[in-house]
Amino acid sequence: MKSLRALILGPPGGGKGTLSKRLVRDFDFFHVSAGDALRREVAEGTRLGRESEAFINDGFLVPDDVVTKLVVGQLARPGDRWLLDGFPRNIAQARELDRNGVDIDLVLNLEIPEAEILARLGGRRVHVASGRSYHVDWNPPEVEGLDDETGEPLVTRPDDTADAIRTRLERYDDLTQALVDHYESRGVLATFQGTESDVIYPPMKAHVADMLAEGI
């Protein structure tokens, strides 16, 4: 199997998860996220897992160098066709990857209009007790504002208000621009724009297929 070491970047609510699943399905990528790596190492009780758990239990963020080691450890398992999702999140983490000898062949960068993300995230409604999630446009409850199973009120999560979403997007842009510049300067960045995953995915899929056919 030909190697391809890829990274996908995208704003919150941008469809990154959906696109990642399709890439894994169509190209047999090993999917790696920092969160998955952290949970796996903690569950297995490894040295890095115990070190990470200590930071978490003390109320601290796990340091970039520790997270990078966790991710690099996961990348050593599947060979050379993997998809990094949600890591690195900032230029410091990208440089940690560089220092650990992790070369990225392809960065898939999603550019989604702010209005689309506001519509996606701002329309979410949640039943707090069960965690059931609805959307006012795409997956509405049978009775507006009420959970289908209990009839209890649905709520908008505090981080799904328009102001909170804009703040998250601004933070994402601030952190990600340096990443985009970093990988663009290396000639590995491919940017895909749109409002729907079904529209974005075909050119993304074709680009990945071309890279595999060319052997990078």
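Yeah, the Cβs are placed from backbone N, Cα and C, and that goes for glycine too.
Feature annotation from TrEMBL assigns GTP binding site to Gly13, Gly14, Gly15, Lys16, Gly17, Thr18, Arg124, Ser197.
Per TrEMBL, the feature AMP binding site maps to Arg39, Phe60, Leu61, Val62, Gly86, Phe87, Pro88, Arg89, Gln93, Arg157, Arg168. When Cβ atoms from all protein chains are considered, those within 10 Å of Gln93 (AMP binding site) total 19, not counting its own.
Summarising the annotation, TrEMBL assigns domain 'Adenylate kinase active site lid' to 124-159. Per DSSP, the secondary structure of the domain 'Adenylate kinase active site lid' (124-159) breaks down as 2 helix, 10 strand, 24 coil.
Look at TrEMBL and you will find 33-62 tagged as region 'NMPbind'. Residues 69-71, 73-74, 84-87, 89 of the same chain lie 6 or more positions beyond the ends of the region 'NMPbind' (33-62) yet place their CB under 8 Å from a CB of it.
Annotated region 'LID' per TrEMBL: 123-160, in sequence order. Per-residue pLDDT, averaged along the region 'LID' (123-160), amounts to 92 for this model.
By neighbour count, meaning other C-beta atoms within 10 Å, the densest spot among the binding-site residues Gly14, Gly17, Gly86 is Gly14. Residues Gly13, Gly14, Gly15, Lys16, Gly17, Thr18, Arg124, Ser197, recorded as contacting GTP, have a largest CA-CA distance of 18 Å. DSSP places the residues of the region 'NMPbind' (33-62) in helix, strand and coil in these numbers: 22 helix, 1 strand, 7 coil.
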